[in-house]
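As structure tokens, the structure follows; a few thoughts come after it.
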């Protein structure tokens, strides 16, 4: 059992949790939810013994084996499969002991170790590791490739597989779907449903949470609130609790007003002074119930487009690719006002390539793309977060689009996206990934597009913002094409699903559950093909061709790999600076008046490191995305 009792956690001067209490029973699967920055990841860091509590206590069995996803993956020469097996630390220890016993020819030790290996099912570990990697999207050929060959997103999948292979009692997962496509999300959901240990899962994907968790811990107002059931059940229970809280608050405010009125009237009258004083004490003793904040903090909608030409966009026999590699071939697509299309397809099939083609970021190799007069594109992709001007605020970004508008109108509009008070005029260099994503969306919505192209728009967004975006998209009058691993968003906002597969883009006859079955069928076919003898693959010429292709791919990707390595070194340096600054800020004596200059310098160091780290991370993400795309294309040829 995990017990948090009167827990207090600070980050510098900011209190994240105060007198927070919660209990998690063995075997429970808990969804940890709350707004960005409320302390969810910090709570996991506490359980991992990376930080200490500032007050209160927490306990869990000392014998428990913990597993979590490492955030760093060095460019190792080790094979992917072996790297994943490293996640089972007991197996690796026994393996080393067995090697040593064999060297010493110690028969008794060998027998004892074999017994321990039998007990942990060690003989199946390679097949279990391969199964995890297949589920996360790796091909058989990739299992023996060195870790250094993979881009950042794929290395995060390796880290996830490493955490899953550990025979853990407690599994801690912080946004595990962020680097996954829909196929891998569906597979991970099945795996976690069958997991036998205790799970604490942070996710902003309600459709991912619902079938997995049986309890929700919601962090808000520096407290932890416990709810039995899945996320959908939590929503209903919380709404009920807040409604009751609001009713209590309103009733209490009537009582407070009555008492205050009495005090104001009779405080100065000698004959009534004693009664007034008793009312004052009563008022002070009353526990003030905070007003319930039921409303979503994000409020925005798409204004009607200025024009809705029909069709908005038309593609005829369009082919697309990179260099001499064709990714999509002979595409036919017609987008009209009201088209609401969700793109499905396996990783590397070409979904993002199609979005770039529609957005004009990628020129077709052949065929024609017809754009209507008056078309206005709204295009969202992760790399666009980089295009924000680091030295400008949200208000300055929006004012550039609307120079004639009153500043108050722009401020009111930005408030609907969570930019209020000083945040409206803060430089974006200090913004988190979620804040940058909200600002890019705000700029898109302002421009009244009639064709929206969204490539994974929910990455970095919390549940409240995802819900606000979903509601706004439902009311959008133009055409929509979206790629997302958020199934709730896909179900709620799209009418038609298109499958990107085998270089084709075609309507998919079915829903997301049917797509899940399609994935399963394709995987079975591929497994059967892998098991069949391949005379050609064993030929000397085939091996020679394979080596040639691998050498060409290494040469093509070498400049990107060097840039990624440079950025990783820079991020490591900035992380060290940030950690140093935050360690200093955690010292309460630093806030003494006589150390004001030191505090200011420390805060400046923290801000500078955060800003530099954010810029580095965005450049790293774009480089990783380019490398990932090149590697995927290389594997498909």
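Here the Cβ of each residue, glycine as well, is placed from N, Cα and C on the backbone.
According to Swiss-Prot, the feature ATP binding site maps to 34-41, 345-352, an assignment based on sequence analysis. Annotation source Swiss-Prot lists compositional bias 'Basic and acidic residues' at 542-553. According to Swiss-Prot, the domain 'ABC transporter 1' annotation covers 2-246, on the basis of sequence analysis. Per Swiss-Prot, domain 'ABC transporter 2' is recorded for 313-527. According to Swiss-Prot, the feature region 'Disordered' maps to 523-559.
With the fewest other C-beta atoms within 10 Å around its C-beta, 38 stands out among the binding-site residues 38, 349.
Residues within less than 8 Å, Cβ to Cβ, of residue 36 (ATP binding site) and separated from it by at least 6 positions along the same chain comprise 432, 434, 462. A 10 Å cutoff on Cβ-Cβ distances gives residue 351 (ATP binding site) a total of 27 other Cβ atoms nearby, all chains included. Long-range Cβ contacts of residue 40 (ATP binding site) within its own chain (separation 6+, distance under 8 Å): 32, 33, 34, 174, 202, 219. Annotation note: residue 34 (ATP binding site) sits in a strand segment as assigned by DSSP. Mean pLDDT across the domain 'ABC transporter 1' (2-246) comes to 90 in this model. The Cβ neighbour count for residue 347 (ATP binding site), using a 10 Å radius and every protein chain shown, is 19. Within the same chain, the residues at least 6 positions away from residue 345 (ATP binding site) whose Cβ sits under 8 Å from its Cβ are 351, 499, 500, 501, listed in sequence order.
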